[in-house]
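Below is one structure, written out as structure tokens, with a few remarks after it.
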Amino acid sequence: MSNKTKLKDNKELLYQVVLSYKVSHNYPLKAFLIECKNKLNECIDMIWNNIKYTKKDNPKLPKSNEFKRELRNKLLENWNYASHYIDGIIKTSYSILQSWASNYKRGYRTKTKPIAKRLFVRVKTTLIKYDKEKGEIRITIKPRKDYLILNIKNEWFFDKVKNLTIGEIILKEKETFLTFKDNLNYSDKGMIVGVDSNLRSLDLFHPIEGWTRVDLTELHRIKEVYDRKIDFLKKLLKKFPLRAMRKINRLFERRRNRVKDFLHKLTIQLSRLFPDAIFVFEDLNKRRMYKSKYFNRKIDRVNWNGLIEKISYKTIVILVNPAYTSTICPICGSRMESQEGQVVYCSNCLNSFNRQLVGCYNIFKRGLGNIKEIMGGSGVTTTGVEVSFGKLMTPNPNVIYIVDYNGKYFNEIA
């Protein structure tokens with residue numbers, strides 16, 4: 001289905017894009033999903049009771065094959081459905097507890113056992129039969145007895161996915177989330193673009209186009225307008241609790257939908273701006289950025305993870321360490337000092353730069369280093385690694401774009 005690049009050690013270098021779609025159904029699954037939830041909590045109990053803690057109080061989950069075999073056999077007792085669902089339940093349990101352990105180490109969680117409350121189950125591909133010609137997906141509930149059949153031939157996304165491989169399915173009471181896998185090749189891409197994610201803009205460094213900026217003021221305006229309306233209604237909760245809460249929930253839903261729509265248009269137009277590029281983003285964590293109440297509101301209005309998630313459906317994305325990207329000199333590599341506004345100064349090579357340009361350029365360089373390490377130094381154009389001195393000294397972006405709500409491409413404003 002895809003071009004496969006062989007490396008020197010005969011490994012295939014592929015990047016997998018997962019597309020997800022929601023399809024409604026009317027099958028009576030509540031009893032089945034309740035049993036799945038009960039088994040999930042039982043599985044979490046068994047793993048939780050076997051967690052061991054190191055001297056530094058770091059939790060270690062039991063992962064031996066013997067333990068997992070006993071766990072599976074125990075969960076299969078009194079189970080009347082396909083046994084492969086138990087494998088999905090075990091996988092989900094480990095995922096939940098690994099997330100808890102990771103947050104516990106950072107001090108974000110206490111020693112409180114997670115409890116599953118939602119009704120859902122992961123369906124392995126071994127329980128799925130996909131007829132591409134008919135557009136029919138058959139999910140086994142009970143082997144040779146009970147099946148859930150979905151026909152997606154008339155769905156709006158069928159033409160996009162009809163030739164793709166179906167992946168894991170999330171089954172809920174009234175809807176299913178279908179995933180389809182598509183493979184991209186690193187060597188199909190000719191350029192690398194570094195993206196510096198800021199509060200009100202995306203600053204991009206392209207080795208040929210230089211410094212480009214995408215203005216995100218409209219995204220902040222959308223969130224700010226709805227935040228003001230919600231804050232006003234919160235003051236009325238004591239007088240009119242039901243009416244105010246109903247309107248607040250409605251505004252939250254509208255806010256969420258408008259933000260989602262903006263991000264979809266932004267990522268589509270961004271991927272069309274540089275269609276042959278690998279995008280390099282910082283692996284940012286908001287939790288470490290919270291300070292004052294006013295600044296927290298600003299941080300809440302950016303959506304870096306949502307942006308990365310949506311653009312990863314459309315092209316190849318790499319995440320790099322964000323540490324010191326805006327303060328390392330692009331010429332000599334020394335740490336720089338901040339001056340007034342967006343200017344940073346290097347006392348070693350005596351040059352001044354714009355902080356945003358330095359940030360996106362250093363992200364570009366880190367992404368290039370990661371690609372070279374992955375690909376053994378081949379397969380991606382390295383044009384622009386030795387960037388001209390003039391490109392790094394520019395005080396302003398070469399081009400500033402904004403999202404066009406009604407078009408396929410960005411609007412240029414400067």
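In case you wondered, yes, glycine gets a Cβ from its N, Cα and C as well.
As recorded in Swiss-Prot, the features of this protein are as follows:
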BINDING   Cys329, Cys332, Cys346, Cys349  Zn(2+) binding site
Where's the emptiest Cβ shell within 10 Å among the binding-site residues Cys332, Cys346?
Cys332
Enter the number of other CB atoms within 10 angstroms of the CB of Cys329 (Zn(2+) binding site).
20
Return the residues near Cys349 (Zn(2+) binding site) by Cβ distance under 8 Å, restricted to its own chain and a separation of at least 6 in sequence.
Cys329, Ile331, Cys332, Ser334
Residues other than Cys329, Cys332, Cys346, Cys349 within 8 Å, Cβ to Cβ centroid, of the Zn(2+) site?
Pro330, Ile331, Gly333, Ser334, Met336, Ser347, Asn348, Leu350, Asn351
